[in-house]
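Encoded as structure tokens, the structure appears first; notes follow it.
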Amino acid sequence: MGRESIEEGKLSNPLLVKNIDSESQVYGYGGRGENSGAGNEQQSGTFSSSATTMVVLSSLVAVSGSYVFGSAVGYSSPARSGVMDDLGLTVAEYSVFGSILTIGAMIGAVVSGRIADYIGRRGLMFSSSKVAWWAELGRLLVGCGMGLLSYVVPIYIAEITPKNLRGGFTTVHQFMICCGVSLTYLIGAFLNWRALALIGTVPCVIQILGLFFIPESPRWLAKIGQEKKCEDALQNLRGKNADISQEKSEIRDYTETLKRLSEASILDLFQRRYVYSLIVGVGLMVLQQFGGVNGIAFYASTIFISAGFSDSIGTLAMVAVQIPMTGLGVILMDKSGRRPLLLVSSTGTCLGCLLVGLSFLLQNLQQWKQVTPILALVGVLVFTGSFSLGMGGIPWVIMSEIFPINMKGSAGSLVTLVSWLGSWIVSYAFNFLMDWNSAGTFFMFSCVSGVTILFVAKLVPETKGRTLEEIQTSMNRFSEKR
């Protein structure tokens with residue numbers, strides 16, 4: 001590694017940038033060259049790219065927090081009538097109650113990256129779970145926990161899983177969020193809002209207990225100089241008999257290169273070498289949120305009632321669509337790739353919002369009165385299913401892949417903050433927008449999804465089947481050329 005390339009911010013290790021045919025070579029996490037030995041070496045490399053029990057356990061413990069995330073997001077819709085009646089809240093006051101969750105999440109997002117760099121990925125998840133456990137202190141604190149978890153869970157999973165499984169495993173984060181939202185909708189149809197809040201503490205306890213049995217991220221351990229612990233954690237994750245020499249070498253070489261660079265600050269993100277990663281990461285989060293997902297998730301029952309449809313039937317239909325479509329996205333993530341799923345997903349959300357907007361427009365014009373409720377339901381279900389397929393989880397997967405480890409703290413905080421700021425704006429303004437013009441609201445969301453299609457087609461890279469080091473190096477080089 002030449003000194004000049006390091007000073008220019010280029011990570012020039014040939015091991016990290018060599019072209020690997022991921023379709024024909026499924027070896028270790030870091031891949032193996034075509035001259036690698038056959039027999040025992042190849043067999044051990046293949047084994048290290050499989051999902052070991054520890055990888056599965058660690059991922060499940062991590063995504064227990066994702067379920068809490070989802071249940072908190074889904075809480076506003078079924079609890080709306082009970083909270084407003086029992087506490088005597090107006091629409092404006094309930095908008096504050098619903099959106100204050102995202103204010104807490106923004107606070108958590110601001111500090112999440114730095115905390116994760118100092119105390120580790122596992123340590124941050126432990127802190128987040130304890131915040132969420134004290135849910136009676138209010139949705140603000142729950143939101144803080146969500147802000148921390150929304151950063152650390154996808155980062156942790158991306159750093160512990162083999163490259164050929166990373167997309168699918170990271171998307172389980174979104175799947176569990178979806179389960180949290182859906183089951184909260186379902187349970188909220190039968191329980192009051194206080195009981196619903198208490199049930200949300202169960203996965204917090206599961207995560208707190210599970211964190212004692214899983215390893216820390218090997219990449220974070222390497223970053224702080226704990227080489228022996230890094231090796232032990234990597235061996236634990238890949239299996240007792242797995243050959244981890246190739247992956248360990250890549251992590252060590254890449255980390256050594258990054259150590260020669262200055263410690264990253266939030267301002268360093270705006271250097272030219274990181275501009276491509278920043279545009280992709282922030283852009284996807286902005287488009288994800290301003291496509292209207294949290295307006296629909298927070299106030300689904302309000303949408304159905306406004307459209308003249310049964311809110312309970314509509315909510316149950318959403319549950320029936322969300323979970324299988326998210327599961328399908330998890331399965332397809334490492335088969336079809338990130339970009340195709342994003343394009344299909346954003347096309348579907350564009351169509352779904354267009355149908356809902358058309359339903360409200362026809363309702364305002366007093367046309368097709370018997371059809372408009374069905375049209376609204378179909379539109380919401382198309383949006384929900386399409387979002388669950390790709391736009392819900394893939395932006396978080398890509399965010400966890402495109403920034404080098406010396407920038408992940410600052411970048412993760414910024415991207416997560418942008419996501420939650422957008423979420424707050426949409427969730428707070430949604431009720432007012434619906435009062436202003438219901439059709440116009442969904443036509444705006446549809447236009448944002450249209451912009452998303454163009455953004456993905458022109459700017460978002462395909463990261464399927466590549467190591468984190470290869471992805472980050474190629475993106476940095478692209479920025480330098482630009």
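Glycine too: its Cβ is placed from the backbone N, Cα and C atoms.
Remember, TrEMBL labels are computer predictions, not curated facts.
Annotated features, as they stand in TrEMBL:
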| type | residues | note |
| --- | --- | --- |
| COILED | 227-264 | coiled coil |
| DOMAIN | 1-464 | domain 'Major facilitator superfamily (MFS) profile' |
| TRANSMEM | 54-75 | transmembrane segment |
| TRANSMEM | 87-111 | transmembrane segment |
| TRANSMEM | 131-157 | transmembrane segment |
| TRANSMEM | 169-187 | transmembrane segment |
| TRANSMEM | 193-214 | transmembrane segment |
| TRANSMEM | 274-290 | transmembrane segment |
| TRANSMEM | 296-321 | transmembrane segment |
| TRANSMEM | 341-362 | transmembrane segment |
| TRANSMEM | 374-399 | transmembrane segment |
| TRANSMEM | 411-430 | transmembrane segment |
| TRANSMEM | 442-460 | transmembrane segment |
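Count of Cβ pairs under 8 Å against the transmembrane segment (374-399): among 87-111, 169-187, 411-430, the largest is for 169-187. In this chain, the transmembrane segment (87-111) lies in contact with the transmembrane segment (411-430); the count of Cβ pairs under 8 Å, excluding pairs fewer than 6 apart in sequence, is at least 3. Counted over residue pairs separated by six or more positions, the transmembrane segment (296-321) shares at least 3 Cβ pairs under 8 angstroms with the transmembrane segment (169-187), which defines the two as touching. Counted over residue pairs separated by six or more positions, the transmembrane segment (54-75) shares fewer than 3 Cβ pairs under 8 angstroms with the transmembrane segment (341-362), which leaves the two as not touching.
Long-range contacts of the transmembrane segment (87-111) within the same chain: residues 72-73, 76, 80, 128, 131, 138-151, 294, 298-299, 413, 416-417, 419-421, 423-424, 427-428, 430-432, 435, each at least 6 residues beyond the stretch ends and with a Cβ under 8 Å from a Cβ of the stretch. Per-residue pLDDT, averaged across the domain 'Major facilitator superfamily (MFS) profile' (1-464), gives 77.
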